[in-house]
Amino acid sequence: MRVARHQQHWIAFSTIVTREIRRFLRIWAQTLLPPAITMTLYFIIFGNLIGARIGEMGGFSYIEYIAPGIIMMAVINNAYANVASSFFSAKFQNHIEELIVAPVPNYVILAGYVAGGTARGLFVGLIVTLVALFFTQLPVQNLFITFSVVLLSAILFALGGFINAIYARSFDEISIIPTFILTPLTYLGGVFYSISLLPDFWQHVSMLNPVLYMVNAFRYGLLGASDVNLWLAFGIIVLFIAALSWFALHLLDKGTGLRK
Amino acid sequence: MKALSIQQLHKTYKNGFEALNDVNLEVEQGDFFALLGPNGAGKSTTIGIITSLVTKTSGRIQVFDADLDTDRELAKSYIGLVPQEFNFNGFEQVKHILITQAGYYGVPAKEAETHADELLKKLGLWDKRHSSARALSGGMKRRLMIARALVHQPKLLILDEPTAGVDIELRRSMWTFLRDINRQGTTIILTTHYLEEAENLCRNIAIIDKGQIIENTDMKSLLNRLDRETFVLDLKQPLADLSAIADLCCHQIDSTTLEIELCRSESLNSLFNRLSECGIEVASMKNKANRLEELFLTLVESSETQQ
């Protein structure tokens, strides 16, 4: 052994992260450009054109109110998509075998892919934030809350993308979850409206949606306004991260979708 | 010291197919070892289990001083694998593939770059180091897989049909390269369908069929067991009649080509004397089949008959 085992693990981890970052930067036209364009359209259509007629929401101009949700939506989608597509491609092209035969513990494989997905989520989040600043102001009320919520949310959805990729047997199967679960949860997660506008029953139903907590906690960090309790939001995000990490590691240990 | 020790290895797939049935195998440190067998015999399953790509049903595997069950990381760090199929990311640059692989094994970046550069030069890939892997020719892809397997300087190199689809010139240069790294101390396990390759390179051999080791010995003793060899003779003049050499075990292919089977007890000198007496001049001679190939077929056929 050339270096101590913990150093080997650290080198393996940083190798996976570097490779993941290099990958999404190499294919920037597929990974970084589309969210910038889509979110610009959201700001133009929902923010400027329609938002001007809606007026205020929660004490803020409509475009200001939806900006945090739109940024969070971009972070969530990209963190998820990065890990799902990268890990599934590695399985599909069999180059995941490079990692399986190497002395890399499963927790390092998981951490490396999740860190790569998180990096893309944050990178895209930064791009969308810069786009948002062309349309509205974003007065950061609490930098720590803003950054920690966006970081934890990116980690959570990167984990989700990883689990999806482990189970997926075709490229179709890595688009099913984003299309039928992730997108509805995001759109109904308080990105475009305050749940106080909903009837009581639908308010209670909305409270079961984890994305609502992320969007509102992030909005609290930026604007100081939220429909949910901040500590409950942090608790839910951390709980989901713990549960999905355990489950992803369990699947890796079992070799699900990886070993015959 | 044993580079590899396999004890009572069993593998039954989920569909009930028993791929390995009580495989026991030992490979000495520094050996160049051939693992041969027909398609579906269990070679790739055995290699898959050693390299953690396949989960065993039961049994024990030790790589040098590390048990695969109790110290998997250490055991894995000793092994370099060249798989049968291309399994690198075709979109990545050649040099990145090597440096990334070294990183997985915990090799620090500077050291990884030095090893990668050395291997790229040795294997004739230096000019392609910045190309994406998918742009390489088939032979270059094979060499890239060998470079990738060696970049962390493994003590045990496992090659699963490394020269499949490679032209003869490249195959021979790969043999030279493999002999060199074996001479430098790397233990090599080779599976191949080119039996000439195994005969040329390997000192010891195991033959696996239907999930069981049916032969495990050194190459020399195995080849000594060959009691008959068939030679193809090209004659200088057309031969109209075989009656003069009817007592020889021969068969005429065409007017100027003869096939003669010779027992180990008979010498080539006596054969040539006999042919000269009959006025038959031989222009050239070759073995009908590779010696190991003949033995291999005999052993596999007899194993099938026994079952």
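Note that the numbers count up from 1, one per residue, in the order the chain is shown.
Including glycine, each Cβ sits where the backbone N, Cα and C put it.
Residues annotated as domain 'ABC transmembrane type-2' in TrEMBL: A:26-255. Among the features that TrEMBL reports, transmembrane segment is placed at A:27-50, A:62-81, A:107-136, A:143-168, A:174-195, A:207-225, A:231-252.
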Test the contact criterion for the transmembrane segment (A:143-168) and the transmembrane segment (A:62-81): 3 or more CB pairs under 8 Å, pairs 6 or more apart in sequence, then answer yes or no. yes
At least three Cβ pairs under 8 Å linking the transmembrane segment (A:231-252) and the transmembrane segment (A:107-136), pairs spaced 6 or more in sequence? yes
Are the transmembrane segment (A:207-225) and the transmembrane segment (A:62-81) close, by which I mean at least 3 Cβ pairs under 8 Å that are 6+ residues apart in sequence? yes
Near the transmembrane segment (A:62-81), which same-chain residues lie under 8 Å Cβ to Cβ, leaving out any that are not at least 6 residues past its ends? 31, 35, 38-39, 42-43, 46-48, 50-52, 54-56, 117-118, 120-125, 127-129, 132, 135-138, 150, 153-155, 157-158, 160-161, 164, 178, 182, 186, 189-192, 194, 211, 214-215, 218-219, 221-223, 225
